[in-house]
Ligand SMILES: Nc1nc2c(ncn2[C@@H]2O[C@H](COP(=O)(O)OP(=O)(O)O)[C@@H](O)[C@H]2O)c(=O)[nH]1
Ligand SMILES: [Mg+2]
């Protein structure tokens, strides 16, 4: 615990929060990132690497990392775990059944990772504008989120197209991180 | 490259499909790390550290490393926008695949890394500016990529950025948007910057494992 406290304290001094946004390809990660930044979301190509946004928020520097979710890239995710304060897991709520299974498997294996185990977890049940989208309650049950004990988590239904609940989710995760960092102090 | 895209005709290359090869990230990072450790001290640029450039108080008189040292990164796009108003001050992007990394620096001169920008004067009045860079990376994983940028007006430091990208996936294409609050400038400084083209300038230094491999300069004019 000692080392962790020191690390967190240094972070507080630097006033920097690092969020890692992951999820299967096509979930809407890049669209969400652009939408919260007021950018055009009509032309988004698949992410073959990362997209990072650095911004200032209430005196904090917020770095959001959106790393590509294609199968060939997923093995590189672990290179981005270090120093992560919050994990945003994005789901295409209207995805196929087999992709939901895969999504659950990938999320569960992430949560076993020591380096992100303590991070706050926000789940965005995205694409709620689509009629076939599963509700956030259905997703919460399918992913068995209630069994998660290793970290603080929260699920938000959202749509990157309409912008619904994006800010709400971001507020939850940044507040949760900040209160955790302050608690350690 | 960006400077050429802006200037007009550029070498046209056939676009190949960008494929992300399924390489073991660990081994390829090791390869590049050891390459950097074994790099012979044949030019002074090996002694240029992040700490050194972070202390610079004025633009450098020349470039601190040879052009040919960059075999790792090719810039593919650059955009500057006013986040509040949506105004776009600058936007170039090159969707084609990168050229071969071992040879793309052959035969180019310093004009390749000396950029001249002309922006609307609104740029100086913006509250939040977002600058986006897009870059393609070499076939090897890059272990620890870091950028330090120093901006000056008339040899006086006005702002600086230090950002660690960290790990870059082999053959990847990446973007970074930095949204920052523009320091409020006095109306006299505003006038001065308008009246003195190219006196606002920047040095950008790029490191892998704290070793300098690229140095670019930019000069700004406001209209
Ligand atoms: N209907 C709908 N489509 C979305 C939404 N968010 C993203 N998309 C679309 O889903 C596709 C994948 O989005 P992208 O952001 O590239 O996903 P990523 O691979 O997770 O980064 C794109 O065609 C987006 O336009 C949403 O909220 N609703
Ligand atoms: Mg993406």
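Cβ atoms are placed via backbone N, Cα and C, with glycine included.
TrEMBL labels come from automatic prediction, so no person has curated them.
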Among A:69, A:86, A:169 - the residue TrEMBL places in the same GTP site as A:23, A:24, A:25, A:26, A:27, A:28, A:29, A:30, A:126, A:127, A:128, A:129: A:69
Cβ neighbour count (within 10 Å, all chains shown) around residue A:127 (GTP binding site): 24
Rounded Cα separation (Å) that holds between residue A:129 (GTP binding site) and residue A:30 (Mg(2+) binding site): 17
List of residues, in chain order, with Cβ under 8 A from that of residue A:30 (Mg(2+) binding site) and at least 6 apart: A:44, A:47, A:51, A:66
CB within-chain contacts under 8 A for residue A:27 (GTP binding site), separation at least 6: A:69, A:90, A:91, A:92, A:95, A:103, A:126
For residue A:23 (GTP binding site), nearby residues of its own chain (Cβ under 8 Å, 6 or more apart in sequence): A:29, A:69, A:89, A:90, A:91, A:103, A:124
Cβ under 6 Å from ligand 2: qualifying binding-site residues of A:25, A:29, A:30, A:47, A:69: A:29, A:30, A:47
GTP site span - longest C-alpha distance across A:23, A:24, A:25, A:26, A:27, A:28, A:29, A:30, A:69, A:126, A:127, A:128, A:129, in Å: 22
